[in-house]
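Input: a single structure, listed below in C-alpha cells.
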Amino acid sequence: KFPTAAVTPSAYITSFLIHCRIMRPDDANIAGNVHGGTILKMIEEAGAIISTRHCNSQSGEHCVAALARVERTDFLSPMCIGEVAHVSAEITYTSKHSVEVQVNVLSENILTGAKRVTNRATLWYVPLSLKNVDKVLEVPPIQYAWKELEEDGKKRYEEQKLERLVTKQRNGDIIFPVFNPEPYTVGYSQSSLIHLVGPSDCTLHGFVHGGVTMKLMDEVAGIVAARHCKTNIVTASVDAINFHEKIKKGCVITISGRMTFTSNKSMEIEVFVDADPFVDEPKERYRAVSAFFTYVSLSKEGKPVPVPQLVETEDEKRRFEDGKGRYLQTKAKRQVQMQPLTQQ
C-alpha cells in the first residue's frame, strides 16, 4: 500500500479509491492472460475518478480531470481470466494545476483467496473546466502526514515536467512505410492501426478516454513485438505515456509502432498517436500521444525465450542507443529497489 497523504477523514474520502472487477474471457490476450491494455484502461479509469472527485471537492467551477502523463508502469505478474482485479488509487501529491495519483493492482483467486500485486503505476492529471475545456483550473491542495512526503512529491513533479519537455522536442518523428523489408529490421515489424473516434471512446464532454488510447497503443505495440519474434508476447512495462493534446470525437487517429531496441530477453517499442480532425475542425494533423512499451517473448509453455536481435540501419542506430540507455537506466533502478528486500 502507498503511504497515505491525506490526514483528515473528509480529505481521505476524496483521495483514496478501490475498484474491483472480475476478468472475463473477452479480456484475454492470445497467451490466455488478461490483455495489458485492459489493465492500463482500468488503471486510468481509477485515476480519472479519484482526481476528478478531488478537483471538485471544493466549491467553485466544476471540472473534469484529464490524463496528462502515465509514469513507468510495471507488469509484475500476469493476471488470469476468472481472477478479480482490485485497483486501488491514491492521490499522493498536488501542485497548483496537477494531481499525482499512485495506483496498485492486485489479482485475487476467488477460489483460494490468494492475492498478489500485478501492477504499479503513477499518473498525472490536470483539471479542465466544463465550461471551457481549454482552461486549466487550480487544484485543491491536500494535507500531508509528513513534510517529506510533500518534498518528495514536488521532486517527482519537477522531474516529470522536464521529461515531458524532452519528449515534446522529439515529437517530429514520423514512421514511414518500408517496402520489401528484411527480417528483424525495424521496417519488417513496424505496424499501424487506424481508428475512428466514436462516442463510446469518449467522456461525456466529447474527448477520448486516456484508457481507450492506451489500450489501442498496447495492441499496436503487441503486434510489432509478435511480428519481430513470431512467438507469444506479453507486456512487461510501459515507460512514460505522454498525452500532448486532447483527441476529440470524430477524429481519425493513427497509432503507429516501431521497434527501437532489443536486449537478450526484452524488446522496446516506440508508439505514436496522430490525430486527424475531420469534423468541424480546420486543424491539421497533430501528435497527440507518445510512449515506449517493453515486451518479452514467451514459449508455448509461457516461459521467457531469447529475443531475435534487431538489425539496424545507420539512421536507426541513434534510436537503438537511446533505447539501450533507457534499458540500462531501468535495470539500475530495479537493482536499487531490490537491495532493501535482499537485506531483510
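Just so you know, glycine gets a Cβ as well, placed from its N, Cα and C.
As recorded in TrEMBL:
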DOMAIN    13-131  domain 'HotDog ACOT-type'
ACT_SITE  N29  active site
DOMAIN    187-301  domain 'HotDog ACOT-type'
ACT_SITE  D218  active site
Which residue counts does DSSP yield for the domain 'HotDog ACOT-type' (187-301) in the helix, strand and coil classes, in that order?
26 helix, 57 strand, 32 coil
Going by DSSP, how much of the domain 'HotDog ACOT-type' (13-131) is helix, how much is strand and how much is coil, in residues?
26 helix, 58 strand, 35 coil
Taking only the CA atoms, the spacing between D218 (active site) and N29 (active site), expressed in whole angstrom, is 11
Using a 10 Å radius around each Cβ and all protein chains in view, which of these active-site residues has the most neighbours: N29, D218?
D218
Summarise the model confidence on the domain 'HotDog ACOT-type' (13-131) as a single mean pLDDT, whole number.
92
